[in-house]
């Protein structure tokens with residue numbers, strides 16, 4: 001460690017603040033720069049938590065935590081380890097949405113993020129190098145913020161989602177925060193509010209698209225792999241026209257993962273397996289209506305489709321289990337404006353007596369009798385009492401997942417779903433939901449939050465030095481999470497609670513690493529995948 005004095009106190013990866021020992025203060029040129037009392041990290045955490053508690057509202061609490069991160073990374077994670085359930089919705093979803101909306105007004109140091117401008121493609125590699133600052137980067141989370149949190153295009157403000165995502169990676173799975181890098185791709189924005197905001201910090205022009213955009217993405221991937229050849233590249237909140245295209249282009253050549261396409265599909269399928277474990281039913285016997293056929297909705301469909309094929313169904317048999325509903329109603333093969341992801345799962349009008357009437361969700365549910373209803377529409381309140389009761393009339397344990405977030409965009413509340421179905425519904429929500437007490441039973445509500453699965457998956461890939469992420473590995477991680485449900489408990493949640501996040505993230509990481517090694521996709525020799533995960537785990541201690 002050649003850095004001394006105030007340079008150390010300004011470096012969040014090195015700074016221990018008042019916890020520096022007397023010997024360290026002498027050695028590092030810190031004598032006289034700190035109060036004389038030497039604190040333990042536990043004392044610092046107690047002090048910081050009291051400061052956190054004094055903040056209100058939640059956005060102020062988030063700003064406090066971000067400033068703490070910028071000052072002392074180890075203390076930040078030590079504190080988060082102690083309060084993971086409380087901090088998760090503040091560091092990440094849903095409070096991060098407020099942070100993104102007000103990013104320009106509350107701007108703080110950007111947590112060591114790299115900002116790449118489409119207007120300066122020649123600077124891409126240098127920008128990544130500067131942001132890494134000599135650190136050995138193993139995980140990159142990148143966003144262009146075209147599809148932030150179901151909120152749409154938020155330009156450079158969306159960097160906060162990459163920052164929050166990486167904080168969850170470390171808090172949940174133990175990846176070393178010095179080895180991660182959030183990246184913002186500033187391709188412009190089509191958000192008029194931002195373009196007219198004099199404080200907006202991004203490029204003040206409309207988004208670039210097409211060939212110019214994809215060339216920039218390719219330049220970024222090339223530079224990222226050149227600088228960090230053993231890293232996992234995680235794509236976050238890209239728009240529906242680009243997300244699948246980008247994933248398809250790179251997934252066969254590098255270790256890469258799109259959380260909105262793959263992660264959302266993984267967590268929903270894990271929740272479905274949890275529900276089916278409770279109801280004692282089989283995946284192949286379900287009929288799925290997906291309300292919202294964008295990036296997230298189609299990611300869910302494709303993940304379930306892959307699992308149905310693994311269960312022995314042909315492509316056509318597996319596709320026949322799905323009904324896609326978007327703003328046009330039920331999607332048919334002649335519907336205008338279909339995306340490439342939607343086309344394989346559309347229906348023929350010839351299948352129905354009254355196809356022209358299948359334009360609203362109420363009619364569709366009444367006519368088709370789905371057993372599983374998944375919402376990624378960002379249309380609040382659309383899972384009405386009539387629709388939900390219709391489902392409950394035709395299936396013993398309807399699986400209903402209103403996943404849109406933040407809170408104001410949810411299709412229904414967990415409490416309503418439980419009461420409208422007489423306690424029959426198996427529910428997961430996209431936001432944290434309180435327990436529901438109904439007729440003497442306490443129903444615990446699983447949160448369909450990708451944070452339940454991507455930290456363990458990503459850490460397992462990093463720890464095993466994975467070359468690629470395959471469907472086999474994805475399936476292994478899904479089954480690991482879906483098998484954690486307590487089927488003997490009345491009102492059991494279909495997904496495990498965030499309070500147990502570190503425990504099951506460890507299990508998912510170990511199973512992921514084992515899958516990588518089983519397929520021979522590890523770069524470095526690994527004899528014991530479980531030990532490799534343990535050896536790579538970082539702990540928030542000085």
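Counting starts with 1 at the first residue shown.
Here the Cβ of each residue, glycine as well, is placed from N, Cα and C on the backbone.
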Would you identify which residue of 186, 260, 285 Swiss-Prot lists as part of the Mn(2+) site it also attributes to 236, 237?
260
Among 277, 320, 450, which residue shares the NAD(+) site with 293, 294, 295, 296, 405 according to Swiss-Prot?
450
For the binding-site residues listed here, 293, 296, which shows the highest count of neighbouring CB atoms within 10 A?
296
Closest of the binding-site residues to residue 450 (substrate binding site), Cα to Cα, picking from 237, 260, 294, 295, 405?
260
Pairwise over 293, 294, 295, 296, 405, 450, annotated as binding NAD(+), what's the top Cα to Cα distance to the nearest Å?
18
Can you grab the distance from residue 260 (Mn(2+) binding site) over to residue 296 (NAD(+) binding site)? Cα atoms, rounded to a whole Å.
5
Candidates 92, 165, 236, 237 (recorded positions) passing the 10 Å Cα cutoff around residue 294 (NAD(+) binding site) are none
Starting from the Cβ centroid of 236, 237, 260, which together make up the recorded Mn(2+) site, report each further residue of the same chain whose Cβ lies within 8 Å of that point, ordered by sequence.
143, 147, 148, 161, 235, 238, 243, 258, 259, 295
